[in-house]
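According to Swiss-Prot, the region '7 X 13 AA repeats of [GW]-X-X-M-X-X-G-X-I-X-[IV]-X-G' annotation covers 76-209. As annotated by Swiss-Prot, repeat '1' applies to 76-88. The annotation repeat '2' is assigned in Swiss-Prot to 95-107. Annotation source Swiss-Prot lists repeat '3' at 114-126. What Swiss-Prot records for 140-152 is repeat '4'. Taken from Swiss-Prot, the feature repeat '5' applies to 159-171. Annotation comment: Swiss-Prot describes 178-190 as repeat '6'. Taken from Swiss-Prot, the feature repeat '7' applies to 197-209.
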Amino acid sequence: MGFVLVPKSDFQIPLEADTIRPDLFEGLDLDEIRSLQVYEGNIKRPLGEFFEIAETPHADQLIRIDGDVSRVKYIGSGMKSGKIIINGDVGLQLGCEMKGGEIEVNGNVSSWIGMEMHGGTIKINGNAGDYVGCAYRGEWRGMKGGKIIIQGNAGNNIGGGMMAGEIYIGGDAGNFCGIRMNGGEITVRGDAGRAPGAEMVSGIIKIHGRISSLLPGFKEISTFKEDGSLMILFKGDLSEKNPEGNLYINYNKNLHILENETDEGRVITKKGIKVIYNSGSTIREGQIIKGGNKLTDDYIDECARCCISPEDYKLLGEPENVVVSSHGNEVVLRAVEDPGIQMGTIFIPRGIWANVLTPPYTESTGSPMYKGVPVYLRKASQGERILSAEELVEEYGVGK
């Protein structure tokens with residue numbers, strides 16, 4: 001015996017309905033199902049207050065929801081068996097910690113679907129939000145098994161901390177696809193945003209469309225054909241210990257990435273040369289600010305610098321200072337030629353000067369917003385000087 005649920009009205013307050021599960025409904029009569037508890041805000045109420053519930057003879061362990069449940073969270077959370085069909089849009093955390101069974105949505109879903117799921121299948125015949133198959137905040141281990149299929153587009157941080165399982169996206173994906181991935185496979189048939197595979201140590205990511213930027217921690221290994229497309233395999237992320245991650249991208253759709261591997265034809269525009277900005281804390285920086293004081297000459301000397309590859313340093317005319325600009329902001333930094341920096345990238349110690357360039361996107365399981373940012377780099381003129389930490393705080397409002 002299956003059941004059909006129809007919302008009685010629009011949900012004014014989000015509902016937490018982790019009791020909508022086929023394995024929990026099994027063996028219960030209609031009155032018992034209507035009495036199952038859900039949370040409206042912080043108040044427990046019976047499920048029957050919000051849904052018309054009827055039996056259907058078509059299938060056992062089936063729940064069909066007809067209507068908009070975009071403000072209902074945790075549907076199918078922890079389910080072990082059975083099937084849920086939703087004809088409408090769905091809210092947050094659909095199928096989180098799911099262990100078995102199947103969920104199919106004929107509509108769009110919000111963020112955090114399939115969080116830390118262990119098994120089963122989630123199929124979305126529409127679009128999905130951020131953090132598909134991701135880890136909970138404060139946790140590093142995401143999806144551990146099962147399969148998520150999204151026929152449309154998906155948002156940022158897909159498969160964050162993923163350990164095993166499969167995620168398939170038929171459309172486009174946002175930034176940081178496969179961040180901190182440690183196993184499993186992600187396939188994106190469309191385009192993806194910046195820095196796919198950031199901090200991944202294992203697993204497979206295949207992107208058949210265009211990516212915005214590639215992190216310098218990925219090394220090209222080989223080129224081959226797959227489904228009629230020429231693909232390139234990269235290994236990484238080499239910024240991690242013993243990385244075994246495999247990132248595949250489409251050759252013909254990512255010539256803008258591959259062209260950065262050579263200085264042939266690179267030109268300096270009015271803005272300068274386009275490079276990829278990365279940042280991170282340094283040991284010296286930690287020693288300086290251990291006492292909590294960042295407003296020192298030593299701090300400026302360590303953090304107000306831009307490490308540049310020898311090729312780009314020479315292309316810019318071996319400058320003393322450079323101007324780095326992004327998103328309408330710019331900062332003057334001391335230029336440092338560094339053979340350890342890959343051509344087409346720069347490194348700025350993470351601090352107040354780096355914060356001027358950091359995009360506002362900060363929703364992540366860590367701090368990858370400091371990686372893979374496209375910026376412009378040019379030689380500073382005589383009148384452009386390095387601002388102190390206090391001046392930057394006053395001008396841009398960046399935190400200390």
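Glycine residues also receive a Cβ, built from the backbone N, Cα and C atoms like all the rest.
Applying DSSP to the repeat '3' (114-126) sorts its residues as follows: 0 helix, 4 strand, 9 coil. Fewer than three CB pairs closer than 8 A are found between the repeat '5' (159-171) and the repeat '1' (76-88), and contact between the two stretches is not assigned (pairs 6 or more residues apart). On the 0 to 100 pLDDT scale, the repeat '3' (114-126) averages 98 in this prediction. Tertiary neighbourhood of the repeat '1' (76-88): same-chain residues 18, 20-26, 59-70, 94-107, 120, selected by CB-CB distance under 8 Å and a gap of 6+ residues from either end. Residues in the repeat '4' (140-152) partition by DSSP class (helix H, G, I; strand E, B; coil) as 0 helix, 7 strand, 6 coil.
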